[in-house]
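So that you can see what the record holds, here are the features copied from TrEMBL:
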type	residues	note
COMPBIAS	17-26	compositional bias 'Basic and acidic residues'
DOMAIN	46-122	domain 'Cation-transporting P-type ATPase N-terminal'
REGION	1-26	region 'Disordered'
REGION	1144-1182	region 'Disordered'
TRANSMEM	97-120	transmembrane segment
TRANSMEM	150-169	transmembrane segment
TRANSMEM	362-380	transmembrane segment
TRANSMEM	405-431	transmembrane segment
TRANSMEM	918-936	transmembrane segment
TRANSMEM	956-974	transmembrane segment
TRANSMEM	994-1014	transmembrane segment
TRANSMEM	1026-1047	transmembrane segment
Amino acid sequence: MANNTADHPPGNSVAEGNHDGDFGMTTEDLRDLMELRSAEAVNKITDTYTDVQGICRRLKTSPIEGLSGNPVDLEKRHAAFGKNFIPPKKAKTFLQLVWEALQDVTLIILEIAAIISLGLSFYHPPGGDSEACGQVAGGVEDEGESQAGWIEGAAILFSVIIVVLVTAFNDWSKEKQFRGLQSRIEQEQKFTVIRKGQVIQIPVAELVVGDIAQIKYGDLLPADGILIQGNDLKIDESSLTGESDHVRKSMEKDPMLLSGTHVMEGSGRMLVSAVGLNSQTGIIFTLLGASEHDEEKKVKKTKTQDGIALEIQPLKSEEAAESEEKEEKEEVKQVKKVNVTKKEKSVLQGKLTKLAVQIGKAGLIMSAVTVIILILYFVIDTFAVQGRSWVAECTPIYIQYFVKFFIIGVTVLVVAVPEGLPLAVTISLAYSVKKMMKDNNLVRHLDACETMGNATAICSDKTGTLTMNRMTVVQAYVGDTHYKTVPEPDAIKPETLEIMVNSISINSAYTTKILPPEKEGGLPRHVGNKTECSLLGLVLELKRDYQPIRDEIPEEKLYKVYTFNSSRKSMSTVLKNADGGYRMYSKGASEIVLRKCSRILDAQGQPRIFKPKDRDEMVRKVIEPMACDGLRTICVAYRDFPAEAGEPDWDSENDILNELTCIVVVGIEDPVRPEVPEAISKCQRAGITVRMVTGDNINTARAIATKCGILLPGEDFLCLEGKEFNQQIRNDQGEVEQERLDKVWPKLRVLARSSPTDKHTLVKGIIDSTVGETRQVVAVTGDGTNDGPALKKADVGFAMGIAGTDVAKEASDIILTDDNFTSIVKAVMWGRNVYDSISKFLQFQLTVNVVAVIVAFTGACITQDSPLKAVQMLWVNLIMDTLASLALATEPPTESLLLRRPYGRNKPLISRTMMKNILGHAVYQLVIIFTLLFAGESIFDIDNGRNAPLHSPPSEHYTIVFNVFVMMQLFNEINARKIHGERNVFEGIYRNPIFCSVVLGTFALQIVIVQFGGKPFSCTALTIDQWLWCVFIGVGELLWGQLISAIPTHHLKFLMEAGHGTTKEEIHEEELTEGADEIDHAEMELRRGQILWFRGLNRIQTQIKVVNAFRSSLYPASPESRSSIHSFMAHPEFVPLSEEEARIPPIEETGDEIEPLPSPSSGAGGGGEPPSAFPCRRELSI
């Protein structure tokens, strides 16, 4: 009766308003109760509520029927105890993102220049044109210019605002997209509860206090609860307590279950007692709220393109204890150290920042020189040549001259700084991220996208990433016959079939099911434990059904259950027969269960004696061959306890689990995803090493690695087990030594039976290693909570969107929404595309800058006035570059990107081929412009625009110079589409509509500016003939480009590369310190001077000399391979075998030591994965 009243609260209580009064307990009572552990909790429950049933009564719920699911009742529970929802952190506001975007170095330089220029344009000194002060050729700018003076500063500021808004908007939409995905993931997370006596699955957010939830092995508990009934339940509470031992839960000893913990063994039912912010996880989140803010600043480092943002470190307890002086010393030390760990800048950002600083320095020098020359020229001309004296009333006029010179200097600086760069990077990344969504890559950290293009190694999980995580039985040994495929039902004796089907159906978790496919023609859905699903699948393939058997014997009728755990490696269920006897069904890892078998069912379905020698023969003939095919082997058996023998002692497991009769041994395959081998061979072609890190045993791992193509025949590689890996890399004190690791990892392809720590050690070791020619950039995939550290450590962490735990997703940079390895290859392609897009843009931008700076500089020095006016410069520099960054940054990727090797960390951004293109085109443009400048009037037969008198209208001469300049840039934009010296610059141009529209749009705007721009742009309308000449000179760029690409780069020894990454010397110089406050690379660069820079270049030049000897004979064809010494060194044929590597014997020699046969007691092999106990020695010697 109590159940009913609990189930349906009397009508009046539903209508009442005061919520807590409706229930016999308040949130506080429950919270106090949940803070108790083990014995204390049991005592409190018995003292206050008599038992758990008492709590159920107070919460108006029934332990058997559950809640009624009545919406009014659920609403009341929400009001009284809260919802099961932890509100996410507040998103950054748009203004915060704008502020972050403003921290960019290049933008800061521009802002300062713009403000100075604006200030000066409004400064009009008094003092007329007194003759006494003298007139200098070129004079003060005309009034049109002086009125339009503010345009220049305003235009710069306007461009800065555009860049900032675009960057902030990108970050904002990315954040929004990510939150959308988070909520989608959360909605998909379901949990099993009992309502109205029905077992249903509801979204985790809909759980309420008073719900009765079913829990089973593998669950992550979504709310706090109190155990009502449990079988052999063990929980991993390490996420809350840090204790790694599993905690056994039972009604008598410790019934408290906490949210965020994992069920490691067993099953049961719990009463939900706290949800959302009142649960243990929620309370921790609330506490974190305060410190989260600093943490946030640390982890999501301001994503400005080259923001000099020092990271804020959360206080660690040891640090807090240190005295003040010590901290000061630390700070001094930390300034000198550079942290080359992950959450620093991405590889590309580091290179870009360096490049921007170098260009900025060059621009500053140029503009300073310009100003000094102009002032000297003016002073000498006025006071020495014309012999005037400085008169007091002339001071304002002289000052005005100096101001004009300063503005010209600022113009040169503005032109020198490539302000299109931050925008190009942002657009390129944002465009890629959007497109990668379609390729099942959800990018959480923008820079990960581009880092992926440099990846040189991928450490991948096996289950679910390389394989389908759909276990299926493919072989069976039953009735003395080894079937290589699943046998037909009539091939097996009916008695044997009957007992086999019963054993599998009853002796498996009832939560494991096979459901019909969601879509027509899809595969059936596997729910629950995948290994058990494969066995149930076998039952269905034998044309039988497991559900009626389970309905006949519900879970309550099971007499005793020994659940699966890692030490037992088997699971058994006991039933009581009608005659008072018992029957026990067992299944588990075949080498373990077979050892307990004393009989086996023969071809007639009758038990016969099974001796140890029979067992050894079976291992040799059945189990080893299955293992070498990459199959897991599971043995299914049973035992009868006769009624007359009385009830056995169920606690002495060893006696119970003995004298079994073997029914069948099955081989289970987790098939390789069909698209994986192709994807892996693409990676290998692209110069990326794929390594498999798995918990499976070494034979299965090796077999799967061979199927995937990770192990290729005839290759010299290592396959190690975790234990042996640790022996090889640790010294006698058990510490990891980088030197030892460096001998192992280059050849390691498969790491089997590995722990999460092994994975982290391997990833860290590869990243920190300096043995190869280039430093490694490592990507890691992971799905489990325990993969968190490795995912965080890697340069790019991929988490599985479907199978991944929340912890893994939190630690990752990219989430694979389809859990598929192929998506990683797509990410590599997009990453390389980002890198190339930015190089294309740089090639274009720098050509414009070099030409504009030289023209402005020489023009100013010779004619005292820049031939390209400030506003024209800005149109070229800002507007064209912004549009160009849009055009070049949105080139779609092609498969050919996967045919070259990764650039690596220290490959320069501007290769020699690009440098050749930049300088080559600059030469063409300068020759044309200076010809027009000094001889244009006679060529076109127009008035000379040089040294025009004061206040003269814009001249045709200078308009033609400006127009030709823009036309050349326009056609050079097409040349910039290729950076590896390819001939066909039009290839694939139609696939990029943005590019076409930008080029045509820029052309149209240029026509408008020239024909109607008038005074502000210092332009005058041109005739059709003059226009055609301008376009013709522009088209000359394309022909000139063909000429340049015909010059072999390797003849041009003098070309320097620019924009290197961190070189090895720098890293050794700044001993690698993790966790030290980072100082931006750009700042380090400024502090340290260029010593390392030159040292690095000397090294490269020496290497180039060495390499040239090989070159001519090796690669006569590919232009790319010549363009840089790095790509040459990356070719595997030339990686020198160091003595250490040579000492590692190839696998044939070490095969037998690698896998010692375990002693019978060691019980090798994890959950039903026995093959490690039977190494395939035969295969090794092939």
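Placement of Cβ uses the backbone N, Cα and C atoms for every residue, glycine included.
Same-chain residues lying 6+ beyond the ends of the transmembrane segment (1026-1047) with a Cβ under 8 Å from its Cβ atoms: 916-917, 920-921, 924-925, 928, 940, 956, 960, 963-964, 967-968, 970-972, 974-975, 981-983, 985, 1119. Taken together, the residues of the domain 'Cation-transporting P-type ATPase N-terminal' (46-122) have an average pLDDT of 80. Helix, strand and coil counts under DSSP for the domain 'Cation-transporting P-type ATPase N-terminal' (46-122) come to 47 helix, 4 strand, 26 coil. Tertiary neighbourhood of the transmembrane segment (362-380): same-chain residues 136, 401-402, 405-406, 408-410, 412-413, 415-417, 853, 856-857, 860-861, 864, selected by CB-CB distance under 8 Å and a gap of 6+ residues from either end.
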